[in-house]
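Visitor: What follows is a structure written as C-alpha cells; I'll ask about it next.
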Amino acid sequence: MALALFSSLALWTPAAAHPLPAQGYFASFSGLAPQVRDTFGWWNLTCPVCKSLFTILDFGLQKENNVVRVGSLATKLCQLLKIAPPAVCQSAVQLFEDDMVEVWRRSVLSPSEACGLLLGSTCGHWDIFSSWNISLPAVPKPAPQPPKPPAPGAPVSRVLFLTDLHWDRDYLEGTDPDCEDPLCCRRGSGPPPPSRPGAGYWGEYSKCDLPLRTLESLLSGLGPAGPFDMVYWTGDIPAHNVWHQSRQDQLQALTTVTALVKKYLGPVPVYPAVGNHESTPVNGFPPPFIEGNQSSCWLYEAMAKAWEPWLPAEALHTLRIGGFYALSPSPGLRLISLNMNFCSRENFWLLINSTDPAGQLQWLVGELQAAEDRGDKVHIIGHIPPGHCLKSWSWNYYRIVARYENTLAGQFFGHTHVDEFEIFYDEETLSRPLSVAFLAPSATTYISLNPGYRVYLIDGNYPGSSHVVLDHETYILNLTQANEPGATPHWHLLYRALETYRLPNALPAAWNDLVYRMRGDTQLFQTFWFLYHKGHPPSEPCGTPCRLATLCAQLSARSDSPALCRHLVPDASIADVQSHQRRPLC
C-alpha cells in the first residue's frame with residue numbers, strides 16, 4: 001500500500017521532453033499476478049478464508065488511524081528513496097493518501113479481486129487490466145472519401161488553440177530556477193547561488209511555470225495572430241506544485257484564468273477541455289459512479305459555472321456528469337470535447353474499473369454516427385493525446401477514428417508541452433494514413449521551453465466545407481530577449497507548417513510523408529527538433545536512436561503498438577528505439 005502511495009510521486013517528477021508515451025502507473029503491475037501467486041502459494045488458502053481475510057483488511061483500512069499509518073510509512077519510503085525533498089514527500093502523501101487507500105481498498109485489495117488473483121477465477125474475478133471493446137453501429141462504413149481542396153477564395157477560419165497555461169501564483173522573479181523541489185522560480189525556492197542568475201521576470205528556462213503577467217501578455221498580444229473565429233482551450237490551468245494543492249487553489253486558478261481569457265477574447269466563443277492538472281490530487285478523476293466528497297462534482301460544477309457563457313445547456317449537462325460535451329459551433333460542424341483523464345495511465349481511480357469510464361467512448365460513437373447521418377463534420381478536442389492513453393482505451397479510440405474517418409475532420413490535443421502530432425492508419429494494413437491528431441505546444445515554459453500558442457487555419461464556414469486543417473502557425477515569446485533589461489515582451493510567429501516543412505497540404509498523407517522524409521534528411525529533422533521545443537532545444541544532440549524514437553512517436557496514435565513503426569525502424573533497432581522512451585512532462 002505504501003509503495004502505491006509514493007509511486008504516485010514519480011508520476012510528476014520532472015523529466016526532459018519525451019519522444020514516446022510513458023508506460024505510467026499501470027505498467028508497474030505488468031507481470032504482477034504470477035509473482036503474487038508464487039508469493040502466497042505456500043499459505044494454501046481456501047476461498048472462504050481468503051475472502052474473510054481481505055474483508056477484515058478492507059474494514060481495517062477504512063479506519064482513519066490506519067490510513068495515517070499507511071501514509072506515514074509511504075512518507076518514510078519516499079524520503080528513504082529520495083523521490084522528493086522531505087517536505088514534499090510529507091505534503092504529497094498527505095494529499096494522496098485518502099484517495100489512494102480508497103482506490104486500493106476497492107480494487108486491488110477487494111475480496112473478489114484479490115482472491116481471484118491469488119486463487120484463480122473460481123474464487124473471484126481479477127479484471128483490472130482486462131481488454132474491452134465498445135460497440136459500433138451496424139451501419140456499414142462508407143467508402144473513404146479524402147477531402148477535396150477548398151476552392152480559391154473559399155472562407156478560412158482562424159482557430160486559436162491554447163493549452164497547458166500552468167499559472168503559478170507563487171512565481172517570484174530572482175528566485176532559484178534550479179531548486180531541489182519539483183517546481184522552482186517561486187516563493188520558497190530560495191535565492192540562486194552567486195554563480196547563477198535568478199528567475200526572469202517573464203519566465204525561465206527551467207522547471208518553472210508562468211506568472212500571471214506572462215499569460216496576460218500572451219492574451220493581450222494576440223492581435224497580429226487574429227482575428228479568431230473561435231478558441232479551443234485544452235486545459236492544465238494550475239501550476240505543477242502538485243504536492244501542495246487544495247480544491248480552493250484549483251478553483252482559484254480556474255476562475256482567475258477563465259476571467260482573463262474572457263477579458264481579452266471578448267465575444268469570441270471559447271470551447272474548453274479538462275486537463276489532468278485541474279483536479280487535486282493531480283490525475284485523480286473518479287468515474288461518475290464514485291459519489292460523495294471523493295467525486296469530481298466540485299470541479300465540474302465550478303467549470304459549468306465559469307464556462308456557462310460559452311456552452312449551451314446540453315453541453316453543460318454532460319460536463320457536470322463527466323467533464324465532456326458536444327455542441328455545434330456552426331452549421332455543418334460538430335465539436336466534441338473529451339475528458340481524456342478517463343484514458344489516463346496516471347488516473348489511479350481507473351484501477352477500480354477502466355472499462356470505458358463514464359461511457360464516454362460509447363457516447364462518442366453515438367455523436368459521430370449522428371453526425372454522419374446528418375452529413376456534418378466533427379472536430380475533437382482533448383488534453384491527453386490518444387497515443388498516451390491506456391491500451392484498451394487507445395485501441396478502441398483508434399478503431400472509432402478509423403470507422404468515422406469521413407466524418408472526423410480534425411483532432412486537437414496538448415499535454416506534452418512540445419510541438420508534435422500523431423497519425424492514424426487503416427486498421428487492416430496500418431499503411432494508409434486516414435487522420436492526424438495535432439499536439440500543440442504549451443503556453444508554459446515547463447520544462448526549459450519558450451512560452452507559446454498555436455493558430456489553426458481551418459476550411460471555413462460555407463455549404464460543403466470539409467472543415468479540415470489547411471495549415472497551422474505557432475507563436476512564441478523568446479524569453480532570452482524578453483528578460484533583457486528594459487525589454488518588453490514580443491510574441492512573434494515562429495513558423496508556418498506548410499511553408500517550413502514544404503507540405504502540399506495539411507492532410508494525413510502529407511504528415512506521414514514528412515516523417516519518412518525526416519528519417520533520411522537529418523537537416524530537416526533538426527528543423528523539426530528545433531520547432532518541437534518551441535525554438536529552445538536541449539543542449540545535448542538528438543542522435544540516431546533519439547531521432548528514430550521521436551519520429552516513431554509521430555506515427556504512434558495507438559499506444560503500445562510497435563507495429564506502427566515497423567516500416568520506419570528496422571526490426572533490429574526497435575528495442576534500441578524503445579529504450580529511449582521517456583516519461584511525460586506532466
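The backbone N, Cα and C atoms fix where each Cβ goes, and this holds for glycine too.
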Visitor: According to TrEMBL, the disulfide involving C552 connects it to which residue among C389, C565, C586?
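Guide: Among C389, C565, C586, the record in TrEMBL lists C565 as the disulfide partner of C552.
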Visitor: Between C552 (disulfide bond) and D236 (Zn(2+) 1 binding site), how far is it from one CA atom to the other, in Å?
Guide: 26
Visitor: Could you check which of the disulfide-bonded residues C50, C115, C389 is the closest Cα neighbour of D236 (Zn(2+) 1 binding site)?
Guide: C389
Visitor: Go through D164, D236, the listed binding-site residues, and name the one with the sparsest Cβ surroundings, counting other Cβ atoms within 10 Å.
Guide: D164
Visitor: By DSSP assignment, list the helix, strand and coil residue numbers for the domain 'Saposin B-type' (43-127), in that order.
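Guide: Final tally across the stretch: 63 helix, 0 strand, 22 coil.
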Visitor: Specify the nearest of the recorded positions C47, D164, C208, C542, C546 to C184 (disulfide bond), where nearness means the distance between Cα atoms.
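Guide: Nearest listed residue in space: C208.
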